[in-house]
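Engineer: Per Swiss-Prot, the feature domain 'BPL/LPL catalytic' maps to 32-207. Annotated substrate binding site per Swiss-Prot: 71, 72, 73, 74, 75, 76, 77, 78, 138, 139, 140, 151, 152, 153, in sequence order, evidence recorded as sequence analysis. The site 'Lowers pKa of active site Cys' annotation in Swiss-Prot covers 135, and the record cites sequence analysis as its basis. Per Swiss-Prot, the feature active site, acyl-thioester intermediate maps to 169; the stated evidence is sequence analysis.
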């Protein structure tokens, strides 16, 4: 039954590095009985450069910090008004592979936007979720000891202009879009609530347990 319970952590607005180090700590110290968790958070403005990232894709960061991190993928931007969700899952226990997890994450975003009349889709060759060739959600995962961390960023109601300072996910000229402009969820809380439901349903979790803040 353990694998059928998902713990949701509502972290509010938290510094990127604090949450990143907490994810690493949780993943490094978990065992076969540790619960799966989904962390929901907003970050202050920051560019994060994944392991495949190339310096030339960071065009003009200006006063926004750039952090080199241990996830897959290239450079992306996080900022207020964006829902960031980190699934900390034992994928061995769930009996799914990395590609399946990526597909489930993308599909959970597609499914949550559908009731708003937003026709979103994933692309086989470019992880993330798109609407009319514009990117609404970015993805970057890390698997360690059969467990996932890092995750997804969904643009909800934010200033998307900092994306113009980079080649998002390594694609020059890739246009970003956000939920509010599409008629989707207007707030990070609303988006988090809807995403939690579609994500947990797709992965077969039967019970959700909610927590405020990081574990002590």
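In case you wondered, yes, glycine gets a Cβ from its N, Cα and C as well.
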Engineer: Express the distance between the Cα positions of residue 135 (site 'Lowers pKa of active site Cys') and residue 152 (substrate binding site) as a whole number of Å.
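Structural biologist: Cα to Cα, residue 135 (site 'Lowers pKa of active site Cys') and residue 152 (substrate binding site) are separated by 12 Å.
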Engineer: How big is the Cα-to-Cα gap, in Å, between residue 152 (substrate binding site) and residue 169 (active site, acyl-thioester intermediate)?
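Structural biologist: Taking the Cα atoms only, residue 152 (substrate binding site) lies 12 Å from residue 169 (active site, acyl-thioester intermediate).
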Engineer: Specify the secondary structure state of the residue listed as 'active site, acyl-thioester intermediate' as given by DSSP, simplified to three classes.
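Structural biologist: DSSP call for the residue listed as 'active site, acyl-thioester intermediate': helix.
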Engineer: Binding-site residues 71, 73, 75, 138: which have a Cα within 10 Å of the residue listed as 'active site, acyl-thioester intermediate'?
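Structural biologist: Matched binding-site residues: 73, 75, 138, sequence order.
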Engineer: Across all chains shown, how many C-beta atoms besides its own are within 10 angstroms of the C-beta of residue 75 (substrate binding site)?
Structural biologist: 28
Engineer: In which DSSP state, out of helix, strand and coil, do we find residue 71 (substrate binding site)?
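Structural biologist: Its secondary structure by DSSP: coil.
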Engineer: Mind computing the max CA-CA distance among 71, 72, 73, 74, 75, 76, 77, 78, 138, 139, 140, 151, 152, 153, which the record assigns to substrate binding, rounded to whole Å?
Structural biologist: 16
